[in-house]
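Working notes, structure below.
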Amino acid sequence: MLGVSFVEMSDCPLTVLAAGSVLPFSRTAIDAEKIPLGRVPLYKPLARLSTESTRSFLLQTMFPFLAAGFGMIGAGVLLDHAAEWTLFQSTPELFILVPALLGLKGNLEMTLASRLSTMSNLGKMDTRHEQFRVFYANIALTQAQAIVVSFVASLFAVGVSFIQRKQIELSKVALLCASSTATATTASLLIGSAMFLVVYASKRLKANPDNVATPVAASLGDLTTLSILVVVGTWLLEAQRLWTWNSAALALFLLLLAPLWALVAARDDSTLPVLRAGWWPILAAMLISSAGGFILKFAIVSFPDVAIFQPVVNGIGGNLVAVQASRISTSLFQSSKMGSLNGDSFWRYFSVSRAFFSAEADSKTARILLCLSVPGQLLFALVIVYVAGLSLDLFFLSSYLTAALLQVLALLFVCQFLVRLLWGYNVDPDSASIPLLTALGDLLGIALLTTTFFLVDALAPKERLPPF
């Protein structure tokens, strides 16, 4: 028995969801000015929400998942050659900036994908007017967020560099800030537009955007952002020779644009809550990921090849749990009012049995995602071995796959209660859960991967190890 009801079912036009379920809306029985996009749902019990078949879910998820993996490998190869470029040789602080910038930008892109997927599944992108409104409000929001978080990432890189070297050059500070903010704004505009098109196309093709959008965001994010950073940074480095303060002027101009973008986003009811409360998950995620960075720094001293496998382990785990978080978030928006679990006890979501062995929809999805993770990680590991020219055997490979599987298991278990916890405290899980889960994935991934290398080093004959 649900405690939310707005209008009679017979008065409601039906909106067909991309996921295949049907959700009624009313345009007449409510004050449209007070409601985002002029629609209020009549919530439906979870049992009455239609779910796609296993085959449909696999087909929709598999190809974006593979594209995301190869995109991460491409970004890794690009970064591996960065040490030879003039930009990185003259500004080694960029090596500190890149992980923080990619992590923060990735969170913005995946939360955008999750928000758009939920809005599409709630019928809030059905008309051209609604689509345009959602597009410009969310582009404005991501522009404001991208400028702020990229500036924070550049300051983080400057701070770490200062701690290490006990000195700082203002020209390099300006170059880092300008490169970071210009890269973030450009990448956000391109990837944000691509996300909107992906969600729109998914709806037209009767696919569930929750299954497609977040992996596509991941596949585009790292490689696109890193490529833009190289182009923009190289151009700014050349421009500094003509006028030293070119970079500082560009950074200041972009920072002044941030409040204007924020004002545009604040005018829309769907983006205003994210603008107000969407900062802490991203910044908290940066702190959690930083802990993983310290583990990585420690591990690389003994096992340099950890750095080759780390992006894929972390990225794949983050992508899979982002799909799960996006789907659970959409189902909550469809079935209940924020802050309510429809009488369910929150503690039932702490059950491992419920997470992986029950008949509930998200448990079924978790099992499928687990099945995807093992062959996916195997494929990407073999590609890395080939590209990097490594040699390894079944002992290392099985240990690596076990670590990757444990990471995904832990993330999917945490996901089922974290999304509900945020929902119960009236926090939009589309904006908060994915940054926290992907950051936790970074921390768990590098910790488990480092443990794997140490165990293999201790238990396997030296000649069986990959060359370090």
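Glycine residues also receive a Cβ, built from the backbone N, Cα and C atoms like all the rest.
The annotation transmembrane segment is assigned in TrEMBL to 57-79 (among others).
As annotated by TrEMBL, domain 'SLC41A/MgtE integral membrane' applies to 98-231 (among others).
Annotation comment: TrEMBL describes 134-161 (among others) as transmembrane segment. Residues 37, 93-94, 96-97, 100-101, 104-105, 108-109, 112, 115-116, 119, 124-125, 168, 173, 176-177, 179-181, 183-185, 187-189, 192-193, 196, 251, 254-255, 257-259, 261-262, 264-265, 267-268, 270-271, 274-275, 278-279, 282-283, 286, 290 of the same chain sit 6 or more residues outside the transmembrane segment (134-161) yet have a Cβ under 8 Å from a Cβ within it.
Here TrEMBL flags 173-200 (among others) as transmembrane segment. Remote same-chain partners of the transmembrane segment (173-200), defined as residues 6 or more beyond its termini with a Cβ less than 8 Å from a stretch Cβ, comprise 91, 93-94, 97, 101, 105, 108-109, 112-113, 116-117, 120, 125, 131, 134-135, 138-139, 142-143, 145-147, 149-151, 153-155, 157-158, 209, 212-213, 216-217, 220-221, 224-225, 228-229, 232-233, 236-237, 240, 245-248, 250-251, 254-255, 257.
Per TrEMBL, transmembrane segment is recorded for 212-237 (among others). Beyond its flanks by at least six residues, the transmembrane segment (212-237) meets 60-61, 64-65, 67-72, 74-75, 78-79, 82, 85-87, 90-91, 94, 98, 101-102, 105-106, 109-110, 112-114, 116-117, 175, 178-180, 182-184, 186-187, 190-191, 194-195, 198-199, 202, 246-247, 250, 311, 315, 318-319, 322-323, 326, 434 of its own chain at Cβ-Cβ distances under 8 Å.
Taken from TrEMBL, the feature transmembrane segment covers 243-266 (among others).
The annotation transmembrane segment is assigned in TrEMBL to 278-300 (among others). The list of residues near the transmembrane segment (278-300) in space but at least 6 beyond its ends in sequence, with Cβ under 8 angstroms from a Cβ of it, reads 99-100, 103-104, 107-108, 111, 145, 148-149, 152-153, 156, 306-307, 310, 314, 428, 431-433, 435-436, 438-440, 442-443, 445-447, 449-450, 453.
What TrEMBL records for 310-451 (among others) is domain 'SLC41A/MgtE integral membrane'.
What TrEMBL records for 366-388 (among others) is transmembrane segment. Nonlocal intrachain contacts for the transmembrane segment (366-388), taken as residues 6+ away from its ends with a CB within less than 8 angstroms of a stretch CB, comprise 54, 57-58, 61-62, 65-66, 69-70, 72-73, 76-77, 305, 308-309, 312-313, 316-317, 320-321, 323-324, 355-356, 397, 400-401, 404-405, 408-409, 412, 416, 466.
If you look up TrEMBL, you'll see 400-423 (among others) marked as transmembrane segment.
Remote same-chain partners of the transmembrane segment (443-460), defined as residues 6 or more beyond its termini with a Cβ less than 8 Å from a stretch Cβ, comprise 288-289, 291-292, 295-296, 298-299, 302-303, 305-306, 309-310, 313-314, 317, 395-396, 399-400, 402-404, 406-407, 410-411. TrEMBL lists 443-460 (among others) with the feature transmembrane segment.
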Number of helical, extended and coil residues in the domain 'SLC41A/MgtE integral membrane' (98-231), per DSSP: 120 helix, 0 strand, 14 coil
Residue numbers, six or more beyond the limits of the transmembrane segment (243-266), whose CB comes under 8 Å of its CB atoms: 136-138, 140-141, 143-144, 147-148, 151, 171, 174-175, 177-179, 181-182, 185, 236, 272, 274-275
